[in-house]
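> Here it is, the structure in full.
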2 protein chains.
Amino acid sequence: MKILEDRIRRDGVVKAGNVLKVDSFLNHQMDVELFNEMGREFKRLFADRPISKILTIEASGIGIACIVAQHFHVPVVFAKKTQSINIDGEVYSTKIESFTHKRVYDVIVSKKYIAPGDHILIIDDFLANGCAVQGLIQMIHDAGATVEGVGIAIEKGQQAGGSTLRSQGIRVESLAIIDSMDDVTGEIVFRQQ
Amino acid sequence: MKILEDRIRRDGVVKAGNVLKVDSFLNHQMDVELFNEMGREFKRLFADRPISKILTIEASGIGIACIVAQHFHVPVVFAKKTQSINIDGEVYSTKIESFTHKRVYDVIVSKKYIAPGDHILIIDDFLANGCAVQGLIQMIHDAGATVEGVGIAIEKGQQAGGSTLRSQGIRVESLAIIDSMDDVTGEIVFRQQ
């Protein structure tokens, strides 16, 4: 998606350790007009899928997921990273290792909000090693619901998350895929899609 | 706001310990069409204010803030609950005690995303003791920016957060204010606004 790639080139900052900082528009400060364009594109890409719900994970997936959901006219559910006293009853749970935070989270979704008849689109800001998405898929399968696809803003193509998901038969649409980036020159090479 | 009060009556669940569960539409599963109506109402209420940015706090404020921001055509910044390795440089920080989670969080906002010229609308899902909002206000003041107001989905009127903020001269607009609720009968009494 050209406007996202252009924005990453303009405002993204490449750091050592394969880190791309896009916190000026994607995951700390959020450009909701850009999210709206991303929502329009995800709707175009997944137009043939009977999506009944969007699932994401806190925190940085939530804003994108909510704006995207307006294009599908479906509710959003976000997986929570810690057990809250406000979530009672039974939950689906999984463990997710965060690339960014270098730790393992317990992640939960109330069983009330994923039903066997649901057709779910997973939305997240980044796809790197794919741990978060794999955890969400596991919870969807535990619920007996259907994974219709995965919509990602920025996929790090050098890491295995995307290729592993695609080899599992999961439809993954990433609006920008980074094939390489250089923290010395700041150069970012996007995959032709 | 009648449609929010009606929704709380229909789908909210009153629990012992002054807990109102609205996780079917507000803060776990999210009804973005409802959020859109809330955004329209916040825009009407704060139409006279020169708002340049919306500030919220992860996680459950983010979805509402993003949908609301579409009505103001401004970016959203969300305060983060833990130090991330992806936030470098200097940050504004505060400590916030969560009523829901019974713990104290360190909360940060990158100094890049609140500037002295900003006119900020704070958006959050709940207002109870007001700790989260007071922490956000402190960071806005630390930045030399202006607090234009606070927009809340559900205020618990029995707790002091709202009245304290109003006595400080802060404009607080809550779309539903609960004056009392009964976990035995499930009855919820809203304040007339």
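A Cβ is built for glycine as well, from the same backbone N, Cα and C atoms used for every other residue.
Residues annotated as xanthine binding site in TrEMBL: A:Leu20, A:Asn27, A:Lys156. The 5-phospho-alpha-D-ribose 1-diphosphate binding site feature in TrEMBL is assigned to A:Ala128, A:Asn129, A:Gly130, A:Cys131, A:Ala132. Per TrEMBL, domain 'Phosphoribosyltransferase' is recorded for A:52-159.
Help me see these features in their spatial surroundings.
Remark: A:Asn27 (xanthine binding site) has A:Ser60, A:Asp125, A:Phe126 as non-local neighbours, by Cβ distance under 8 Å and separation of at least 6 in sequence. Classification of A:Asn27 (xanthine binding site) by DSSP places it in coil, neither helical nor stranded.
Packing around A:Ala128 (5-phospho-alpha-D-ribose 1-diphosphate binding site) is summarised by its Cβ count: 23 other Cβ atoms lie within 10 angstroms of its Cβ, all protein chains included.
Looking just at the domain 'Phosphoribosyltransferase' (A:52-159), the mean pLDDT is 92.
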> If you count other Cβ atoms within 10 Å of each one's Cβ, which of the binding-site residues A:Leu20, A:Cys131, A:Lys156 has the most?
A:Lys156
> Could you measure between A:Cys131 (5-phospho-alpha-D-ribose 1-diphosphate binding site) and A:Lys156 (xanthine binding site) for me? Cα positions, answer in whole angstrom.
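Given the Cα positions, A:Cys131 (5-phospho-alpha-D-ribose 1-diphosphate binding site) is 13 Å from A:Lys156 (xanthine binding site).
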> Taking the Cβ of A:Asn129 (5-phospho-alpha-D-ribose 1-diphosphate binding site) as centre, how many other Cβ atoms lie within 10 Å?
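So the number of other Cβ atoms within 10 Å of A:Asn129 (5-phospho-alpha-D-ribose 1-diphosphate binding site) is 16.
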> Under a three-state reading of DSSP, tell me whether A:Cys131 (5-phospho-alpha-D-ribose 1-diphosphate binding site) is helix, strand or coil.
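It is helical.
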> Let me know the largest Cα to Cα distance in Å among the xanthine-binding residues A:Leu20, A:Asn27, A:Lys156, as an integer.
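If we measure all Cα pairs in A:Leu20, A:Asn27, A:Lys156, the largest is 16 Å.
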